[in-house]
Amino acid sequence: MTSTATASLATDLGAYRTSLRAYLNNGDALDRWRGKHHGSTEDRIAEHAALMAHLYQDGWNRYGWPAEAGGHGGDERHRGVLYDELSAAGLPVPDPQLMLETLGPAVVRFAPDLAARYLPEYLRGANWWGQGFSEPEAGSDLAGLRCRARREGEHYVLSGQKLWTSHGATASRFVCLVRTGTPESRHRGLSMIMVDAAAPGVSVRPIALASGYRELAEVFFDDVVVPADRLVGEEGQGWAVAMYLLQWERAMYAWQSAAVALRRFRELLGQVAGKPLPDGAATRIGECYGDIVALRARSVRTVRRLAAGETVGPEASVDKVLLATAETSLHDLARDLLGTDFVLGAGADTGDWRADWWFSRSATILGGSAEVQRTILADHVLGLPKEPRA
Ligand SMILES: Cc1cc2nc3c(=O)[nH]c(=O)nc-3n(C[C@H](O)[C@H](O)[C@H](O)COP(=O)(O)OP(=O)(O)OC[C@H]3O[C@@H](n4cnc5c(N)ncnc54)[C@H](O)[C@@H]3O)c2cc1C
């Protein structure tokens, strides 16, 4: 593609969508990634990274990211269109793109040098990052985290533990929220820093989910030396960077998940077509479709607001709540329509639905639990009176 054509797709979203759709549906070059089942998380991520390399080589996943970070320009709407069109073409939204949406915008905004150094290789699937926020004693109460980084000259020395790190077993880097202030400094004493998984003193222990897939990991830091230029934002600015980041974590992940949910919904209907269905199936199907469409209707507005540079802030919790509803609804529908096959079916299709059903149980936990999201909405969006403390 000429640089003029690239520049015009970065400014003309409709033309980008049309050209991307033609590319994704033209010939069999992408068939390797269509409707594929993977026996392990590691296989799936490797295959998805290969898809990113393919898209990068032809330029398509570079839209929506700045040129300084390896992108072709454009904004969040381009990325939203990419996820939508991949799903519509029966292709996966590559797993590493999920964490890219969570971590990438904050790195671009608060550490442009790191974005220039590392984002291009992320976009071409050569490596990806994990999010090191949660700890054994700090999930909902993130400001209580203990993983510590002490400054020594031009370096920080990290010690502590992170927990529930998505893609942690295969990530090349971790974007970690760490304590640089005093133990009791809460959110005021936090900083964000990027750590190489291969650095001496980092050890990673994968966590297998109920499905058997090793989606998460525990990460331990034992006096890990990290150059000070790996800070994302200033020392002590970690909480502000994390709040900025959470807007994308909640909003873009919701959009990506909605795109995938719509594809999976269609696939489910194809799978059960012509088979006897339980009583009330038509109503359940309609309700589930409604849940997915409600999520998309909300999410498209949020993505546009992010693209316009607006602060979405706590309102992104609406998207997160709708996402959990849609995910749960879709996978419960699959369980009920597939019936005995869901429990006992030996085929890859039913195996995937089983594994995805287990994962869908975490939709009300990951990225902030449903209870906490509702409290954020009550306190910061609706301005309701605070609950009396016990
Ligand atoms: C699949 C999955 C992927 C994840 N990926 C990542 C990742 O990549 N990086 C990362 O850093 N973390 C990740 N997490 C961790 C996730 O962010 C935390 O699990 C989540 O924030 C909840 O924290 P917790 O598990 O410590 O539960 P807790 O905070 O201990 O909460 C336990 C229960 O108490 C409730 N609760 C807690 N506080 C309140 C309150 N104030 N009001 C009302 N109810 C409350 C919660 O709603 C929940 O039901 C992931 C989690 C899952 C399940």
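Glycine too: its Cβ is placed from the backbone N, Cα and C atoms.
Curation does not apply to TrEMBL; its annotations are automatic.
A quick note: this is a predicted structure, and the numbers were derived from the prediction, not measured.
Annotated features in TrEMBL:
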type: DOMAIN; residues: 132-224; note: domain 'Acyl-CoA oxidase/dehydrogenase middle'
type: DOMAIN; residues: 236-381; note: domain 'Acyl-CoA dehydrogenase/oxidase C-terminal'
Within the predicted model, mean pLDDT of the domain 'Acyl-CoA oxidase/dehydrogenase middle' (132-224): 97
Secondary structure content of the domain 'Acyl-CoA oxidase/dehydrogenase middle' (132-224), with strand meaning DSSP E or B: 7 helix, 45 strand, 41 coil
